[in-house]
Amino acid sequence: MTHIRKSHPLLKIINKSFIDLPTPSNISTWWNFGSLLGACLITQILTGLFLAMHYTPDTMTAFSSMSHICRDVNYGWIIRQLHSNGASIFFLCLYTHIGRNIYYGSYLYSETWNTGIMLLLITMATAFMGYVLPWGQMSFWGATVITNLFSAIPYIGTNLVEWIWGGFSVDKATLNRFFALHFILPFTMIALAGVHLTFLHETGSNNPLGLTSDSDKIPFHPYYTIKDFLGLLILILLLLLLALLSPDMLGDPDNYMPADPLNTPLHIKPEWYFLFAYAILRSVPNKLGGVLALLLSILILGLMPLLHTSKHRSMMLRPLSQVLFWTLTMDLLTLTWIGSQPVEYPYIIIGQMASILYFSIILAFLPIAGVIENYLIK
């Protein structure tokens with residue numbers, strides 16, 4: 001008799017995706033981050049749901065409602081810290097996941113890669129809107145500065161900004177719509193993650209060697225479910241350590257002051273996970289140019305399948321490309337540091353050089369390295 005998990009209409013979908021899924025036998029710990037991202041998304045939705053039960057999206061009461069959650073609601077403080085620090089862990093896993101896909105050439109599964117880029121953009125938009133909700137100083141001014149970037153669009157810019165704001169400045173209407181969007185977007189992310197997984201299971205997983213592994217596959221359960229569970233335990237440990245021992249380490253002290261439109265903070269900056277893009281934005285002296293550079297810093301990932309020139313899929317056996325990959329990693333860390341610094345010498349010039357290097361590595365150096373490596377292995 002066929003097992004129920006193989007015959008039941010719903011269970012057989014789960015079975016084909018998470019139990020009997022044929023998986024390469026040599027995938028490493030770097031392949032854990034997809035499941036960790038799923039765990040992060042579920043955690044964020046659950047903690048966010050409990051926060052939404054007590055939060056009021058109104059400019060007069062938003063800040064005090066956050067204070068009320070932390071002081072008066074049972075375990076409200078830990079729910080808030082898990083949610084805000086969970087976002088940091090989410091982006092840490094997200095950037096590692098993207099880095100692994102670049103290193104091992106998984107971007108050649110273009111449908112999976114493109115849905116992944118869409119997920120990245122939606123995640124960034126959701127996180128930005130979530131940062132506005134506590135209605136502290138950095139929330140208000142961050143929202144003002146970032147939404148103002150749309151005014152750089154020719155002809156429709158000013159109208160577009162006022163349409164986003166729902167008025168002539170960031171106010172109650174803005175906060176209300178940001179809360180509504182911040183609440184609904186994670187559910188669209190679940191749907192898109194389903195599409196992402198469907199595309200992945202059409203081709204099967206890549207592996208560290210970048211070779212076809214059809215002849216050597218093992219079932220996902222129990223081998224990789226145990227492996228993923230260990231990763232999940234480490235993730236939970238990291239999140240609890242961050243939320244319980246140093247909950248404000250990654251936040252901004254200015255956000256403990258209620259939003260004041262008449263008092264601008266000395267240095268307006270977003271959360272750490274947006275600092276690299278913020279540094280690229282600031283490195284271009286022209287407003288429209290900066291906005292385009294900001295957009296391209298993410299959308300450039302979509303060009304990676306087209307820029308792949310090597311005969312080898314993975315970078316595992318390509319030393320020249322490996323050097324460039326780790327240079328790119330350090331360049332992004334440099335941009336993250338620059339984004340947190342004031343706009344003055346020497347940070348301006350370092351930011352400009354790091355931005356040029358970022359685009360040069362992806363658009364020119366990696367494709368050239370691929371051609372050189374092809375020549376060397378002839």
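Backbone N, Cα and C define each Cβ position, glycine as well.
In Swiss-Prot this protein carries:
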BINDING   HIS83, HIS182  heme b b562 binding site
BINDING   HIS97, HIS196  heme b b566 binding site
BINDING   HIS201  ubiquinone binding site
TRANSMEM  33-53  transmembrane segment
TRANSMEM  77-98  transmembrane segment
TRANSMEM  113-133  transmembrane segment
TRANSMEM  178-198  transmembrane segment
TRANSMEM  226-246  transmembrane segment
TRANSMEM  288-308  transmembrane segment
TRANSMEM  320-340  transmembrane segment
TRANSMEM  347-367  transmembrane segment
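Swiss-Prot feature annotations superimposed on the structure.
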{"residue": "HIS83", "record": "heme b b562 binding site", "contacts (Cβ under 8 Å, 6+ apart)": "GLN44, THR47, GLY48, LEU51"}
{"residue": "HIS97", "record": "heme b b566 binding site", "contacts (Cβ under 8 Å, 6+ apart)": "PHE33, GLY34, LEU37"}
{"residue": "HIS182", "record": "heme b b562 binding site", "contacts (Cβ under 8 Å, 6+ apart)": "GLY48, THR126, MET129, GLY130, LEU133"}
{"residue": "HIS196", "record": "heme b b566 binding site", "contacts (Cβ under 8 Å, 6+ apart)": "THR112, THR115, GLY116, LEU119"}
{"residue": "HIS201", "record": "ubiquinone binding site", "contacts (Cβ under 8 Å, 6+ apart)": "LYS16, SER17, LEU21"}
Query: Between the stretches 33-53, 178-198, 288-308, which one has more Cβ pairs under 8 Å with the transmembrane segment (226-246) than any other?
result: 33-53
Which of 33-53, 77-98, 178-198, 320-340 contacts the transmembrane segment (113-133) most, counting Cβ pairs under 8 Å: 178-198
Task: Report, as numbers and ranges, which residues of the same chain sit near the transmembrane segment (33-53): CB under 8 Å and 6 or more residues beyond its ends.
output: 69, 79-80, 82-83, 86-87, 89-90, 93-94, 96-97, 100, 130, 179, 182-183, 186-187, 189-190, 193, 228, 231-232, 235, 239
Message: Within the same chain, where does the transmembrane segment (77-98) have neighbours whose Cβ lies under 8 angstroms from its own Cβ atoms, ignoring anything closer than 6 residues to its ends? I mean 6 or more beyond.
response: 30, 33-34, 36-37, 40-41, 43-44, 47-48, 50-51, 66, 69-71, 116, 120, 123, 127, 130, 235, 238-239, 242-244, 247, 250-251, 271-273, 301
- request: Residue list, the transmembrane segment (347-367) vs rest of chain: Cβ under 8 Å, 6 or more residues beyond ends.
  value: 279-280, 282-284, 293, 296-297, 300, 303-304, 307-309, 321, 324-325, 327-328, 331-332, 334-335, 338-339, 341
